[in-house]
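Trainee: The following feature annotations were taken from TrEMBL:
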type     : residues : note
TRANSMEM : 12-33    : transmembrane segment
TRANSMEM : 53-80    : transmembrane segment
TRANSMEM : 92-113   : transmembrane segment
TRANSMEM : 142-164  : transmembrane segment
Amino acid sequence: MATIARICLQSLLKLVNSVLGMVGIAMVLYGLWMVRVWLRDMDSSSVDQYDAAAAAAPWFICTFLGAGVFLCAITCMGYLAAKFAHGCCLSCYMLIIFLVLLLETAMAADILLNSDWEKDLPYDPTGKFHDFKDFVKSNFDMFKWIGLLIVLAQGFSILLALALRSVEPNQGSSYDSDEECPPARLPLINPNVEPLEYIVAAKNNNWNSNK
């Protein structure tokens, strides 16, 4: 029974963890597309604009790519933790997901409570940050459900990893049938064995009678 429960938990954790992997892959692909467009714009711009753009680092593109790669790495770690069901791997996976949830909560609170949160960010020479912000605003309902799906996937990942960690991988004390039970240990001295003196006396009586 414990084996079936462990297999079901492993499959569910892999399924929920794949949601984070798909989000990470989408972020990496979109980040690579932004890099391609930025490089194309730099090639077609003038020398002064090229120098100004080269002086400022494209922090938004790098951050977007880094977040996508980080999510893909978490997905790989979660897959390995679910496959081997190792306690240490599951604990590290839960800790990382919990820290990511805290970071996302802090960022959402800062955006909602601080009306001037954009002033805290550095200048983006690529202009992709404003394009992405306008795209999110124009499709706010879709991104709202996507964000909710990501948060739910992270929460379920923590719960499933915790449940999988509580299930012991090897139930050595339980057996499926009586044939697998180890035989009882026999005593070193058999109490039913007759004493040696009685055996010797019986042999002497038999020898005298035969004689």
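Positions of Cβ are set from backbone N, Cα and C atoms, glycine also.
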Trainee: Against the transmembrane segment (92-113), which of these stretches has the most C-beta pairs under 8 Å: 12-33, 53-80, 142-164?
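Mentor: Looking only at 12-33, 53-80, 142-164, the most contacts with the transmembrane segment (92-113) come from 142-164.
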Trainee: Go through the chain and flag residues at least 6 beyond the ends of the transmembrane segment (53-80) whose CB is under 8 A from any CB in it; none is fine as an answer.
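Mentor: Distant Cβ neighbours of the transmembrane segment (53-80) are 13-14, 17-18, 20-21, 23-32, 34-35, 38, 42, 45, 89, 92-93, 96-97, 100, 122-126, 128-129, 132, 157, 161.
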